[in-house]
């Protein structure tokens, strides 16, 4: 069975289960949000809280009960090897937002088949918003989401979580691309990619991401008509280098890649 052999009817139970995971994560996240929390720094100095770990632990238990043969790749508890299917979990994407009371943190859930992201969920607990992406379709609030039709880089709206994530030569790339656009905005973590899928911005650029940060974004961006790759134009996978470019359409993406690699 190849990746092309998966059809919507085959994976409908998996897609429904991805939403069930998001449904379970949302009240847990909200129960910790804007409450006093001890924050621990991981080895890379990124913050983690009891909320991150409680949510992922709960989601892993749900997966292991329903699909014990599937693999799991989570931010907090690592990798459980399995069959061709792997659930990829980021319980709280935007922990810095979460611990400072900023409501645009999210939960990211993806199902990968043979290493390729097949469906993905961005759930924003504090706003009640959710994007669900699968081949050929992204849904937001029960209706299809579509990216912007704008193909002009000079008219594009640009987002990144923080300019501080770029270092060295990457800073030059960030400045070159972002300054070529009409509007630069910062902040938002995974919410940025939901906005892009719904046509509210055209370019997102980030670096230093892990698979649990971007695997769920791929079906959401592409299902809405956009493009998302690494900075060289390669498809994102578990082995990507963590540099991500997302664009509203292919023409815009190609122009952004050219400028990035000039």
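Cβ from N, Cα, C; glycine included.
Any TrEMBL annotation is an automated prediction that lacks curation.
Taken straight from TrEMBL:
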{"type": "BINDING", "residues": "75, 92, 213", "note": "Mg(2+) 1 binding site"}
{"type": "BINDING", "residues": "90, 93", "note": "Mg(2+) 2 binding site"}
With every protein chain in view, what's the tally of Cβ atoms within 10 Å of the Cβ of residue 93 (Mg(2+) 2 binding site), excluding that atom itself?
28
Measuring Cα to Cα, how many angstrom lie between residue 213 (Mg(2+) 1 binding site) and residue 93 (Mg(2+) 2 binding site)?
7
Cα separation, residue 90 (Mg(2+) 2 binding site) to residue 75 (Mg(2+) 1 binding site) (Å, whole number):
6
Quick check on the binding-site residues 75, 90, 213: which one has the highest count of other Cβ atoms within 10 Å of its Cβ?
90
Remaining residues near the recorded Mg(2+) 1 site, that is with C-beta within 8 Å of the centroid of the site residues 75, 92, 213:
52, 89, 90, 91, 93, 94, 95, 108, 210, 212
Where residue 213 (Mg(2+) 1 binding site) falls in three-state DSSP terms
helix
